[in-house]
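Asks: The structure's right below; bear with me while I get my questions together.
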Amino acid sequence: MGTFIGVYLPCMQNILGVILFLRLTWIVGTAGIMESFAIVVMCCTCTMLTAISMSAIATNGVVPAGGSYYMISRSLGPEFGGAVGLCFYLGTTFAGSMYILGTIEILLTYIVPNTAVFVAEKKEDETEAMLNNMRVYGTCCLALMALVVFVGVKYVNKLALVFLACVVLSIMAIYAGVIKTIIEPPNYPICLLGNRSLQNHNFEKCMKTEVIKNVTYTTELWKLFCGSPHLNATCDEYFTLNNLTEIQGIPGLLSGVIKDNMWGEYGPSGMLVEKKNQSSVPVQDNSRDIYKPYIFNDISTFFTLLVGIYFPSVTGIMAGSNRSGDLRDAQRSIPIGTILAIATTSFIYMTCVVLFGACIEGVVLRDK
């Protein structure tokens, strides 16, 4: 195999992963564009330096079959090679688990949510239900992948090209969507109560009451905050004091939302996701907020945590060197293909950070 098929494409496929599609928007919303860009640059620089070191070893003599283990063993000895090989195996195992969990989250959250085996009856049970669904569907997905690997490497390589095509099309769709927001931003309304964003799972209309044929009726949102459909019901204090506002969640590249998303919004677990520069009337007692349809931080967030969450998305640079036995000219293909793949994916990640922050409202970015 040559440089393009044997090194560049496998590295591209392994580097571009589930973090780009599931968590990069959340990282941008939480850390802001500037700090998110710094995270991407730090992680990509780390992998680029690793690739340069690997290239120095690969070009220093003939590279037969054995991949990264052989190259490290030849330079540092079999003890170091075995230790690094064990770490590489464990890292690949955990990465496989992460990709399976990401697949199940996308499947049950966005594609076919009705296929969930466990359904939460209460808002506080949603996390436990999702974890149980991941255990069931993740086991099935792992068994399917094990079957494909058991059949043979030839079929794995054939399926790899199909999945790579899906990844490339998805990335092209991101850029196409950004361009479309310039011409015609999508209609993606978000309901705010004061400056707090609301989950729109249990209501359709962003209003407290509506008038139909000169008769005032309460909405589903009223029932959620008042516990009753009656107009004289005792409602939540924050709901009573603040107005409902509907904004566009994806206002587009020319909206100027990039100024609001430039800096981070770190906070503890349980913190409400609120819109910047949006007026609201605060209340003293917030003890019942957890039972309302607000959006909360599910974990405490800080810079180093986001670095740890993002870093797996730049790994996978060994995919080309692992095929050293199948390469026509491993000494030439491994350095060129690996470095080009890292440069390409780094460009994709950096541009996505800026484009996500320039197109999407912060409350939407921070909502997983």
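Numbering starts at 1 and runs along the chain as it is shown here.
Using N, Cα and C of the backbone, Cβ positions are placed for all residues, glycine too.
Those TrEMBL annotations? Automatic predictions, nothing curated.
TrEMBL feature annotations, pasted as is:
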type	residues	note
TRANSMEM	6-25	transmembrane segment
DOMAIN	7-188	domain 'Amino acid permease/ SLC12A'
TRANSMEM	37-63	transmembrane segment
TRANSMEM	83-113	transmembrane segment
TRANSMEM	134-153	transmembrane segment
TRANSMEM	159-178	transmembrane segment
DOMAIN	293-361	domain 'Amino acid permease/ SLC12A'
TRANSMEM	294-319	transmembrane segment
TRANSMEM	339-365	transmembrane segment
Asks: Going along the chain, which residues at least six beyond the ends of the transmembrane segment (134-153) come within the CB cut-off of under 8 Å?
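Replies: Here the qualifying positions are 96-97, 100-101, 103-105, 107-108, 117-118, 159.
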Asks: Could you tell me what the rest of the chain brings near the transmembrane segment (83-113), counting residues at least six beyond its ends with Cβ under 8 Å?
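Replies: That would be 17-19, 21-22, 68-69, 72, 130, 133-134, 137-138, 141-142, 145, 312, 315-316, 318.
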Asks: How does the model score the domain 'Amino acid permease/ SLC12A' (7-188) in terms of mean pLDDT?
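Replies: Looking only at the domain 'Amino acid permease/ SLC12A' (7-188), pLDDT averages out to 87.
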Asks: Can you tell me how the residues of the domain 'Amino acid permease/ SLC12A' (293-361) break down into helix, strand and coil by DSSP?
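Replies: Split into helix, strand and coil, the domain 'Amino acid permease/ SLC12A' (293-361) gives 48 helix, 2 strand, 19 coil.
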